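For reference, the structure is listed below as structure tokens.
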Amino acid sequence: MGTNVHPRRKPGSGGPHELYFKNLSKQKQVMEKNGNNRKLRVCVATCNRADYSKLAPIMCGIKAEPQFFELEVVVLGSHLIDDYGNTYRMIEQDDFDIHTRLHTIVRGEDEAAMVESVGLALVKLPDVLNRLKPDIMIVHGDRFDALALATSAALMNIRILHVEGGEVSGTIDDSIRHAITKLAHFHVCCTRSAEQHLISMCEDHDRILLAGCPSYDKLLSAKNKDYMSIMRMWLGEDIKPRDYIVALQHPVTTDIKHSIKMFELTLDALISFNKRTLVLFPNIDAGSKEMVRVMRKKGIEHHPNFRAVKHVPFEQFIQLVAHAGCVIGNSSCGVREVGAFGTPVINLGTRQIGRETGENVLHVRDADTQDKILQALQLQFGKQYPCSKIYGDGNAVPRILKFLKSIDLKEPLQKKFCFPPVKENISQDIDHILETQSALAVDLGGTNLRVAIVSMKGEIMKKYTQLNPKTYEDRIDLILKMCMEAASEAVNLNCRILGVGISTGGRVNPREGIVLHSTKLIQEWSSVDLRTPISDALHLPVWVDNDGNCAALAERKFGHGKGVENFVTLITGTGIGGGIIHQHELIHGSSFCAAELGHIVVSLEGPECLCGSHGCIEAYASGVALQREAKKLHDEDLLLVEGMSLKVEETVSAAHLIQAAKLGNAKADNILRMAGTALGLGVVNILHTMNPSLVILSGVLAGHYVNIVKDVIGRKALLSVQTVDVVVSNLADPALLGAASLVLDYSTRRIY
């Protein structure tokens, strides 16, 4: 089906756009002059049918106020090509004088042709602009022709007003649109999000106008009285409202092969759906020629259910989409203009993936099967949605004219960008260096494996937790995986990783980075070289130490032990561990068994410990020991008191024993006091052996034991050591902080 256009109107008779604007102008407020001594010379350059639908209302407004503006119209691009409808004629029908026609399209409809077309436009435009000498050029959108216009104007020191900048869609259009934004001096955007995008792109807020889409001025004032005649003209005499489809699909220049396949699937689905369909030819982008071949291969131009057209005048197109049963394709008009009528839309593929849309739009991003598109048609066809005004309220043109009048031509032409404040570069400052230096800390517990990024100041920047695997191979694999993930994230956090510190239970040779013998809580973890595989994989130095020693290092660097010459740390958790700092240094012992404080024997006839001995502190005061005693009470129905409950599937734990003691269970309280007394006796032995000035209790049970320990010291210790301070650690995560301390202390100190 060929191009259908109106015969040219007589000069002065007024086209539909001009008549519309005259009606709109009656509602405008009077606009003040901006003090310029002459009219503003405005050049509007239009490249295709789509941008003209947005520019025509602005052109009508400019033409209606000749006392303020001189309008010059330049036509180029696909407007002048017969295969695309010779759409320059509709500009003439709207009674605009075309100053210049520029043939800028190099045929071929492929990527090279698009580039050559931009180049040809750049060659021809300077002569035109030299003759016109406009004060400002209005450029629309994101087409490659528009990029040539903006480039020419910017290089020739002509102010540019860009319409519809800041939006996000898809494909190469985004890049072109944002490139034009950087060349433009003034911006007219359609939505609040687009305005925010422009501000984020460092554009001057004072030069951004949130006006709405100019085409909405026409859409929202459209009259419906002639829509039946328009429908019959394009779709046949027997057509009914809401019983036909409008299809408009363009190639995606970044994936031409896929977009052609998707178009083929769309046509197959439309043929199967068996509804009258108006198919508009695609635009002139690379791949359009292949899409036209697909149409002809499937006989669309001769199919009884289809009408294939190159162009529909905008005011008629409005009526067609307003009364359609569905609009399908990937054109921006589907997600923008059609929303004004609540017509159902099926948006195919990724070409408009970033656009703001109303609830009338159903996205089929992976339109890779005919059935998927057919199901979308079945879901959408014939529905009626609420009208959406996301893109405009019908008053864009008055705002744009007022904005144009406010432009002061005496202001410097050089464009300025509003960059956000940038922090002073202090990377060579010692405080900054210390702040960004960080460690990867690994805590290998009986239940969980944890990895964290820890800064020099002890801040845990990011933490990862996984269940600790049961086998050696799985455990090593998981450590490497988590460390690599953390090292990658450290770059985003601006942290420079100095090394890896590992805290693990059991006996460790820190010089070699080998776990000599682990606790029963961590199986298959003896004679394990941790340093070599992790260092080889991450290309970082690796330190390994016992978890008790790490807790002491954490206190020395970040906690109560900071600046203290001699102190002891006791960890009260699942087990009992600790670390000794003597003359500011960590004590390891001749066989790396120092500070196994949990295995100090306080009773020859005490309960059996996991180490095989009897009467160890750990056999009385550890979480495992308390859980054991809680289970004994529960089995004898002596644990629960009023205010407590225990579900059938719930495991009895040390926490239940502590709760029972708080609620007045005398037996539970006696068990806790016995555990605290055993711990206190162990501390007394430590005081008599090491004579520290500070004892730090760490771990989840520390708060329950501290007063009992102080009482035991007062009763059992020599007077010379009773002045010792006993405190509860204030560190949230001593195991990880201690592992980090291995790195941060040893990798930054100058004397070892």
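Glycine residues also receive a Cβ, built from the backbone N, Cα and C atoms like all the rest.
Residues or ranges marked as active site by TrEMBL: ASP547. The N-acyl-D-mannosamine binding site annotation in TrEMBL covers ARG507, THR519, ASP547, GLU596, HIS599, GLU618. Marked as Zn(2+) binding site by TrEMBL: HIS599, CYS609, CYS611, CYS616. Taken from TrEMBL, the feature domain 'UDP-N-acetylglucosamine 2-epimerase' covers 68-405.
For the domain 'UDP-N-acetylglucosamine 2-epimerase' (68-405), the model's average pLDDT works out to 91. The least crowded of the recorded positions ASP547, GLU596, GLU618, judged by other CB atoms within 10 A of its own CB, is GLU596. The record gives HIS599, CYS609, CYS611, CYS616 for Zn(2+). Within 8 Å of the mean position of their Cβ atoms, the other Cβ atoms in that chain belong to GLY598, VAL601, LEU610, GLY612, SER613, ILE617, GLU618, ALA619. For the binding-site residues listed here (CYS609, CYS611, CYS616), the lowest count of other CB atoms within 10 A around the CB belongs to CYS611.
In the structure as shown, the Cβ atom of ARG507 (N-acyl-D-mannosamine binding site) sits within 10 Å of 19 other Cβ atoms. In terms of Cα distance, the binding-site residues that sit within 10 Å of CYS611 (Zn(2+) binding site) are HIS599, GLU618, chosen from GLU596, HIS599, GLU618.
Between ASP547 (active site) and CYS609 (Zn(2+) binding site), the C-alpha separation comes to 19 Å.
On the backbone, the CA of GLU618 (N-acyl-D-mannosamine binding site) and the CA of CYS609 (Zn(2+) binding site) stand 7 Å apart. For CYS616 (Zn(2+) binding site), the spatially nearest entry among the binding-site residues ARG507, GLU596, HIS599 is HIS599, judged by CA separation. Distance noted between the C-alpha atoms of HIS599 (N-acyl-D-mannosamine binding site) and CYS609 (Zn(2+) binding site) is 8 Å. Of the recorded residues, CYS609 (Zn(2+) binding site) and GLU596 (N-acyl-D-mannosamine binding site) place their C-alpha atoms 13 Å from one another.
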